[in-house]
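According to TrEMBL, the protein carries these features:
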type: DOMAIN; residues: 30-415; note: domain 'Major facilitator superfamily (MFS) profile'
type: TRANSMEM; residues: 38-60; note: transmembrane segment
type: TRANSMEM; residues: 72-91; note: transmembrane segment
type: TRANSMEM; residues: 103-127; note: transmembrane segment
type: TRANSMEM; residues: 133-150; note: transmembrane segment
type: TRANSMEM; residues: 162-180; note: transmembrane segment
type: TRANSMEM; residues: 192-217; note: transmembrane segment
type: TRANSMEM; residues: 238-261; note: transmembrane segment
type: TRANSMEM; residues: 273-291; note: transmembrane segment
type: TRANSMEM; residues: 303-323; note: transmembrane segment
type: TRANSMEM; residues: 329-349; note: transmembrane segment
type: TRANSMEM; residues: 361-384; note: transmembrane segment
type: TRANSMEM; residues: 390-410; note: transmembrane segment
Amino acid sequence: MSSSIPDQYATTSGVGTLEGVTISQVESPQIASIYNSIFWWAYIANLILVSANALTFRFADMINMLGGSDQVAGTIVSVGSIGALVGRLFLGQWIDRYGVRPLWIACSLLYLTGMLVMVFLPSLGFLMYGGRTLFAFGLGGMFACSMTHIQNQVPPERRTEMIATLGSSGFLGMILGSQLGDVVLQFTPDSLLRHSVLLGTSSVMAGVYLVIVAMITRHERMELQRDSPAAWPLLKRYWPGWVVIVGIMIGMAFACSTVFIARYATTLGLKGVGTYFTAYAVSAFIVRLLTRHTSKVYGRHRMIVLGMIGHVIGYTGLCFVTAEWQFILPAICSGFAHALLFPCVVSLGTEHFPRQYRGTGTTLVLCFIDIGGVVFAPLLGAIIDQFGFRPMFLTTAGAALATTVLYAWMTARTTDPEMLHQGKSHKNKCDSAADVETESLATGPVPETCKSGCA
């Protein structure tokens, strides 16, 4: 195991010979140690952040109320994503150089500033574009810092598990945020006041998130790293591989669901999107918990293919929705896809980056997700304006299907290192158990103490 891993996660090389102690009992403290108070506070913070973000899912409705079309909404989202994308090219380098804490706090403040600009200065002018850019850059940076922070707490072979477990909080946040958004819709008039309440509540939650981040990173040591290369040379040297096209498709899926699903529901005359996002989140939460160790058995490449198939089915199913309850099945399929895809893409994409460049690696992988949003948000909006929602969903499903076939073909003969590690770990356990048994047979049974008097 790499020397960069903290001592508390180092695997014990020896085998205990105490009577009644099994190998699994010796290893269980190591397994439990990664789920400490820092993890659970990070879990709560991520839940709050995703809840706050879910309150912005009616952004396209707000733009429509201000006089803009769906294409305008998509363009604003795309411009915001471009700004976030450019910023991320430097964010990873800054994380590697200055540490997670200062960048995490700074990104949280940018998110909060962007939200306040959109709340107090609602217009279709440059302030809306600027506010959305600050929001997008801050949000992306908060997720990048969160994942970099949590990956640095665990051994390399458990990064996928940790990303998956932390991410499960996001699905709970999606339920909370979407349901809270529907409550706001129920008790506010159809005016800008409604959107001010939604974005204002999101701002308050971002403030709580900022306090938690400052608390859980207060003991982080500041070690200035002067030899932090720029993002582009690192990307060329540690190229993530074909997983980047899956990242782009995740960005497309996020643009479709977070920007246009609520608008679709409004067009159909349905009350809200709580049903869709609740079903999505429940499905993703359950699948995420059930499959957090699956990558070690079946491999991340197979999980990615299966997840992409879920997206194909989910977005095709949205074409047939006419009532609110009919959102449930497509949402379950897309939630299933999200649960499998995100941790696999992030862990595969950052796998080749050394620990000291983990911040850059994480942000670069997230950049490809941003690229998906930049490219597809205005394109999907234009398709909606010209042809309607159903052709847009079919376009999304078709792009996902083509990517699935290409990725499956290109990775068919690729072996996942996590599977190799699991096999090696299992072999070591068996060898250790055999050594213990051999030693026991060699020494023979321990004679009982003589109780009747011995010569």
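Every residue gets a Cβ built from N, Cα and C, even glycine.
Predicted automatically and left uncurated, TrEMBL annotations should be read as such.
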Outside the transmembrane segment (103-127), six or more residues from its ends: residues with CB under 8 Å to it: 62-63, 66-68, 72, 91, 94-95, 133-142, 144-146, 149, 192, 195-196, 199-200, 202-203, 206-207, 209-210, 213-214, 217, 359
Touch test for the transmembrane segment (390-410) and the transmembrane segment (303-323), at least 3 Cβ pairs under 8 Å: yes
Contacting positions for the transmembrane segment (361-384) when only residues 6+ beyond its ends and CB under 8 Å are counted: 69-75, 77-78, 81-82, 84-85, 88-89, 91-92, 95, 136, 140-141, 143-144, 147-148, 151, 231, 234-235, 238, 240, 243-244, 247-256, 259-260, 263, 345-346, 349-350, 352-353, 391-392, 395-396, 399
Per Cβ pairs under 8 Å, the stretch of 38-60, 72-91, 192-217, 238-261, 329-349 packing most closely against the transmembrane segment (133-150): 72-91
Of 38-60, 72-91, 303-323, whichever stretch has the most CB pairs under 8 A to the transmembrane segment (162-180): 38-60
Top partner of the transmembrane segment (72-91) among 38-60, 192-217, 238-261, 303-323, 329-349 - counted as Cβ pairs under 8 Å: 238-261
Average pLDDT across the domain 'Major facilitator superfamily (MFS) profile' (30-415), rounded to a whole number: 87
For the transmembrane segment (192-217), sequence-distant contacts whose Cβ falls under 8 Å of one of its Cβ atoms, 6 or more beyond its ends: 38, 41-42, 44-45, 48-49, 51-53, 55-56, 58, 61-62, 65-66, 100-101, 104-105, 108-109, 111-112, 115-116, 118-119, 122, 142, 149, 180-181, 184-185
